[in-house]
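Engineer: Checked TrEMBL, it gives:
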{"type": "ACT_SITE", "residues": "149", "note": "active site, proton acceptor"}
{"type": "BINDING", "residues": "107, 157, 311", "note": "substrate binding site"}
{"type": "BINDING", "residues": "184, 186, 272", "note": "divalent metal cation binding site"}
{"type": "COMPBIAS", "residues": "392-414", "note": "compositional bias 'Basic and acidic residues'"}
{"type": "COMPBIAS", "residues": "432-444", "note": "compositional bias 'Basic and acidic residues'"}
{"type": "REGION", "residues": "384-444", "note": "region 'Disordered'"}
């Protein structure tokens, strides 16, 4: 299998990268509820593998600082954040109207510590963006992040706060252009929607399309106004394997990197696209999934790796452990070391698992058509957009703790404080698999507009931030006005 992009440097830098890894030992304690397929415990299992494979000593290990209300409100509506902060399992029966308004209850249940959970995973992603902005590392990792479905004022698909959007907004303070790539089996709708009308963020999502949640991500959805052709969607069918997936991923992402020339890349590594996932229907191996990480790493551009979906948790831990090793340029033994969750990985006790013999419904002809269409879309972008900068807004005020300065033997060693969640309880398919009658139809757009949806609100905030004249980056106000006019025109068009 081809191993890298044209810009892969030779020598030691071709292998090694400085990596900052964000982990909070409390994250595995959060529990969505009995039968719910989303299990934060998988993050603790991943961390245990990293510890016992000896990978932690090769990274800067950081405990994320919890994101504050004002950090979350850089994208999310104030009243939605206030709701998340105040709701508890004990009080939810008194707020049924609010629960419905913010889409909290079934797929996105209220559980103990919900808001703290959101603050933790968002803090890790924004903290990773800060480390990249400051040049502290080449790659930042937050496996607890990547919750790509959350909208400005509603929860969706197990996601409450969109840490990805918040991290991208932080990266935009330094970088003229940011690329977002999503290899979760579900369409990255929340991130695409947030940046649908701007040319400063390109979103590329590889996902199952059809009668499947969230029902968006048609190949014809390409962005709007200045954002036209800056949203790319790669709709796939059941059973896609490593070879078929890479026949699309590498040509498309190679062309994106050539034309868009991002200053930073955010890669959402949702592991529900792996073979054998409880909610997924793809047939990727762990090495095939990680090849996307290896390829994007090869361009030597600041890279933020985030988690996402993944519901067969032993395979999620395997995958994110291996992808951490890919980020570090370290090869791991397939034979798994003994550790506190060793029994989860039987009967083989190996890092890698073989894909199944399920049918690949993605024909060569279909893949060729998708690749040709998307490459044609990219050819319409003549060059990387020129973005005028004047002033740079201040950094987010997140001061994470460097766990390397603590007692690493106590916190990160093989005997670190990791408890096993009960994984034997019955499960049900919570994430509803449905498709809208018309993708991004008027009803969907007006729903978000009615609750205060403004795709460019974050950019307005960046433009209004004032710092010393010595800094030199911000977004021009006329650009914001043009984007808002585009949005109004889109809304009027959809209403007809």
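Don't overthink the numbers, they just go from 1 along the chain as shown.
Keep in mind that glycine also has a Cβ here, set from the backbone N, Cα and C atoms.
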Engineer: Compile a sequence-ordered list of residues in the same chain as residue 272 (divalent metal cation binding site), six or more apart from it, whose Cβ lies below 8 A from its Cβ; state 'none' when nothing qualifies.
Structural biologist: 184, 185, 186, 279, 280, 308, 309, 310, 311
Engineer: Taking the mean position of the Cβ atoms of 184, 186, 272 as the divalent metal cation site, which residues outside that list, in the same chain, have a Cβ no more than 8 Å away, listed in sequence order?
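Structural biologist: Not counting the recorded site residues, we get 185, 207, 208, 270, 273, 279, 280, 308, 309, 310.
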Engineer: In whole Å, note down how far the CA of residue 149 (active site, proton acceptor) lies from the CA of residue 157 (substrate binding site).
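Structural biologist: Distance between the two Cα atoms comes out at 6 Å.
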Engineer: What count of other C-beta atoms do you get within 10 angstroms of the C-beta of residue 157 (substrate binding site), across all chains shown?
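Structural biologist: Other Cβ atoms found within 10 Å: 23.
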Engineer: Rounded to the nearest Å, what's the C-alpha distance separating residue 107 (substrate binding site) and residue 149 (active site, proton acceptor)? Just drop the number here, would you?
Structural biologist: 12
Engineer: Would you mind pulling the longest C-alpha to C-alpha span across 107, 157, 311, which the record has binding substrate, in angstrom?
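Structural biologist: 14 Å is the greatest Cα spacing among the residues binding substrate.
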Engineer: Sequence gap of 6 or more, Cβ distance under 8 Å: name the residues on the same chain that satisfy this around the residue listed as 'active site, proton acceptor', in order along the sequence.
Structural biologist: 156, 157, 158, 159, 162, 186, 188, 189, 190, 214
